[in-house]
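Per Swiss-Prot, these features apply:
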- 33-53: transmembrane segment (TRANSMEM)
- 77-98: transmembrane segment (TRANSMEM)
- 83, 182: heme b b562 binding site (BINDING)
- 97, 196: heme b b566 binding site (BINDING)
- 113-133: transmembrane segment (TRANSMEM)
- 178-198: transmembrane segment (TRANSMEM)
- 201: ubiquinone binding site (BINDING)
- 226-246: transmembrane segment (TRANSMEM)
- 288-308: transmembrane segment (TRANSMEM)
- 320-340: transmembrane segment (TRANSMEM)
- 347-367: transmembrane segment (TRANSMEM)
């Protein structure tokens with residue numbers, strides 16, 4: 001009998017993607033984050049679906065419906081804690097996945113990389129609209145501050161902001177449409193992830209050495225399925241520890257108070273995974289300038305493939321580029337730390353200085369380091 005997984009039209013696709021897929025034999029644990037992101041997405045969609053069954057997107061009842069889920073729904077507290085902390089795990093994996101792509105030169109698969117950047121933006125949009133749904137103080141004021149940035153766009157800004165709000169301020173119409181967006185976007189992310197995989201499998205996976213691995217490939221199953229399963233277990237362990245022992249560790253205490261348009265929290269800040277962008281936004285005194293800087297900080301990823309000057313793909317054997325990469329990582333951690341602090345000295349001056357090395361490192365220093373490393377590899381040395 002002919003093996004069904006190799007002949008059946010549907011099984012054939014799964015076989016070529018997850019079973020008989022030729023994979024480089026030397027890919028490290030840094031390549032686990034793609035599958036971990038897939039698992040995070042499935043967890044978020046499933047927990048989100050059950051939460052949506054009990055949530056009401058109305059300004060009068062949204063906050064109490066979340067309290068009702070946690071108190072009265074069977075395991076509702078667990079669903080909510082898994083969903084809220086699942087978002088943190090999602091972004092942790094995302095940042096590590098993007099960092100791995102930059103370090104090992106995976107961005108040279110341009111189509112895969114560009115779809116990945118679009119995915120990052122879509123996930124950020126989903127997380128933002130999702131954070132508004134519990135209708136706590138920080139949800140409301142976060143939505144007000146961020147959507148109000150649209151009014152910085154010349155000519156059409158105010159009209160655009162009011163169109164998004166569905167009125168003259170963040171209110172019932174805004175909450176209803178944000179719930180609709182938050183429900184549909186994960187399915188769009190799922191479709192984009194399939195396209196991301198499609199482009200990846202056109203070229204095959206990159207590997208730590210950055211050289212062509214065609215001479216030494218192994219089947220994906222059982223080697224990498226077992227490796228991914230270990231990653232799944234570790235991620236689930238961390239997520240469950242977080243959701244069961246310290247579910248509010250990464251949240252904001254202000255969000256335990258219902259939204260009050262007449263009372264501004266002392267310090268408005270987003271979730272931890274947006275703090276780096278928030279720090280860049282606050283670093284520029286001009287409203288439009290801040291918006292453009294935040295957009296540039298994410299969209300700069302799209303031009304990274306064009307800035308690759310090194311003869312070697314990976315940073316594995318490029319110590320100067322490695323040093324700059326880790327300085328960039330430290331810079332992003334600094335920005336995240338600054339974004340979580342109130343606007344007062346010394347945080348103001350650090351916040352104004354920190355975005356400069358971020359852009360300088362990506363646009364100037366790393367391309368120059370690549371050229372320098374090429375020069376040092378010349379035979380006369």
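Just so you know, glycine gets a Cβ as well, placed from its N, Cα and C.
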Cα distance (Å, whole number) from residue 83 (heme b b562 binding site) to residue 97 (heme b b566 binding site):
21
Could you state the CA-to-CA distance between residue 196 (heme b b566 binding site) and residue 83 (heme b b562 binding site) to the nearest Å?
24
Can you name the residues of this chain that are 6 or more positions from the residue listed as 'ubiquinone binding site' yet have a C-beta less than 8 Å from its C-beta?
16, 17, 21
Quick one: do the transmembrane segment (347-367) and the transmembrane segment (288-308) have at least 3 Cβ pairs under 8 Å, skipping pairs fewer than 6 apart in sequence?
yes
When you measure from the Cβ of residue 83 (heme b b562 binding site), which residues in the chain that are at least 6 apart have a Cβ under 8 Å away?
44, 47, 48, 51
If you skip the near sequence neighbours and keep only those at least six away, which residues in the chain come within under 8 angstroms of residue 182 (heme b b562 binding site), Cβ to Cβ?
48, 126, 129, 130, 133
Please work out the number of neighbouring Cβ atoms within 10 Å of the Cβ of residue 196 (heme b b566 binding site), leaving out its own Cβ.
21
Residue 196 (heme b b566 binding site) - helix vs strand vs coil (DSSP):
helix
Work out the three-state DSSP category of residue 83 (heme b b562 binding site).
helix
